[in-house]
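These features come from TrEMBL:
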| type | residues | note |
| --- | --- | --- |
| COMPBIAS | 1-13 | compositional bias 'Polar residues' |
| COMPBIAS | 20-35 | compositional bias 'Low complexity' |
| DOMAIN | 123-200 | domain 'HTH CENPB-type' |
| REGION | 1-41 | region 'Disordered' |
| REGION | 110-129 | region 'Disordered' |
Amino acid sequence: MSAQQFSLSTLPTLESPAATTTTTTTNTTTTTTTNKAKPILFGISPTPKAISSRHAYTDEEKEFIRELYLTLPIDKRFETIQEKFKEKYDCEIKRGTYYKIVRDLSTNESTSAAVPAKKPRAKPRMTDSSKYPEFEKRMLNWLRRTKYRDCIEVPVMMEKAQKVFKENILPTLPPDTVVPAFGKGWCIGFLTRHGFNYRTRRLRGWFFTPDAKRVGVSKNR
């Protein structure tokens, strides 16, 4: 018999036990139940059930992932963890599951001590330097002596203020005091209050010529 002629009709069948009929009679109702016989086909395998690929991760496996996450470099970290996890537990971790475990561990109280600390806060900004009279005195002396006093560059003054405070004022303050950040706003306010012209940007070297004062500068240039 050729393959084209093969069909289910040619397969032998085996009837399950004969159909049975059960009749139950009560005072008012008669119920009849019939169990139909189902044919059994030989030579055809039943459809296999789908195998679930989901994996319930244990605390030990999550801890293993966390330790690798905290110690490995960022470059190709997931690929390395995936490979090591496969070698140890014979299971491949997917990217989405990996990030979920890392995110859950970072907020877990039991492992919060091992999570990398947040970046330190930025330095406090200087807002009122009048409470440091010695600092203001030194800054005024520098402004009056500098060769660029006709038009002070704000970036240069910011650097100078940082240096003056660190070398002359900080040693006189409590040990836990940090050097504040001298921003552009403080510099402009200080220069305006003491009557100095200023530029908010650094200028190239060819601007500093003997004719600079004669040409003139803008106060907010």
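If you go along the chain as it appears here, the first residue is 1 and each next one adds 1.
A Cβ is built for glycine as well, from the same backbone N, Cα and C atoms used for every other residue.
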*Take the domain 'HTH CENPB-type' (123-200) and average the pLDDT across it for me.*
88
_Secondary structure content of the domain 'HTH CENPB-type' (123-200), with strand meaning DSSP E or B_ = 45 helix, 6 strand, 27 coil
